[in-house]
């Protein structure tokens, strides 16, 4: 009890005993004497929430920011995913949904300060290291997050592009960025390379100036804080509702004896993996712990305040005892739902914030309108040969042994590995991945007949049969790279040989599949008579494309797509990749469809890639509410 009272007394002191700066001068700094932040020379306590612009359509950025502001937040915390902006080495994209400066400007107009986390590693359940996948680096994977020269050069090149864009947005320059994180939870990574952290500190100081408040964030253990912190970078900590607050802040104090208390990631919810139960964190517990931290004078960022969606292939993965892929929804049980709707948790949090600062008057902006468009019946894309000309225009790469996605420079999605049976298999014969080399799922067909699948860590053997010379097609899915921990060096594809019986399969044709590019160009609706490769058949069993249209009704409202009795696959609407579905494994049962993706006047094209088995009815359902909890299990 004495420790709690001491922390409260010390931190409340900063609310009344801080210095000042010249009138009118904008500044943000750390007051080590009075254990607080100073904003324009006055004590400042931030109450922040995390939001990921990369997981929210640009059309809705302003809506989400306004709801955060109306909750009473005075700041937001923002990650910058490196691979979102540099998908191809040396080519940078800051336009459209990637327009970071527009997002910062909207936050500024809304009245929200920004805590920026530009990495270069970001975690965040984002594909690979969330930030690290400038893809040629994969060949240096053992040396990521370290002072390895090639990696340091790549990081330096990226930061030389990014940080100058951010400098005008620093608070001292008239913008709204008050603090900038250097690296991210670096203590969780095994390298523990202080020279690497020193190099980053030098880069950030060079581009952002000596007066910018730079900080680190690490988990609530001594090892993480020891490896993740560095002199000259303000050390902060992260923890959730089940942590002893006093113990956690005492740990921060051991590494940062003076200055403000900061919980950079206070967990309002948690992520879901396929096969998990949907994660829920009690709203009353969140509110109670938030109130306790704010009473102590601590600065708190709530992670997440709105999670959003892992559209396309952007979901990450974890690997503890086995590989576990993150679901498409990043709802996170956050105060704002995946679709940006205020929840009871948000209202409880607002009531807490009202005790510590003035909350903007007026009603909370309402939920965006939703509509149940009903059933749409799809048709199998009826083509017989030549689809690979559409999906893989460059043609195959030939190799005696399998090559990875990274070696082929196909970084996301799917690749087709094709060979032939070396002899007659009159009896079912084991096809084996002896080195656990399928990353992450392989759908196996022989002469167009689906035979089954191999799956990383769980299904390493299956039986196949056929005749000598029959075509073996192995469609491999990248389910998202590991984004946290010691296994982030996560190659995809067939990363080791497959064995048939007792012999290694050789003489491969490897097709990188640009499915997204083909669909963006109008396929399959514009090319319904094109042809089909051997690994797709008339059957609804095995990998196949299905298409249909959602007819316009004058509305373009948010909706949620349910694929009841479909097994596993990917969905595109009007050329936009909504992400993965896997209702049999769960927990997620619906995909979020933002209204701005739909046309209110023209037919909306729907394409589904079903990987295992489609239902006989071939129906999909558009609902007016999400279903994020379902029968979680193995399928």
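Don't overthink the numbers, they just go from 1 along the chain as shown.
Keep in mind that glycine also has a Cβ here, set from the backbone N, Cα and C atoms.
As annotated by TrEMBL, active site, proton donor applies to 185. If you look up TrEMBL, you'll see 265 marked as active site, nucleophile. Taken from TrEMBL, the feature domain 'Glycoside hydrolase 35 catalytic' covers 37-355. Residues or ranges marked as domain 'Beta-galactosidase 1-like first all-beta' by TrEMBL: 402-514. The domain 'Beta-galactosidase galactose-binding' annotation in TrEMBL covers 543-600. Residues or ranges marked as signal peptide by TrEMBL: 1-19.
Summarised as a single figure, the pLDDT of the domain 'Beta-galactosidase galactose-binding' (543-600) averages 98. Cβ environment of residue 265 (active site, nucleophile): 50, 217, 238, 239, 301, 303 lie under 8 Å away, each six or more residues apart in the same chain.
Sequence-distant contacts (6 or more apart, same chain, Cβ under 8 Å) of residue 185 (active site, proton donor) comprise 121, 123, 217, 218, 219, 224, 228, 238, 484.
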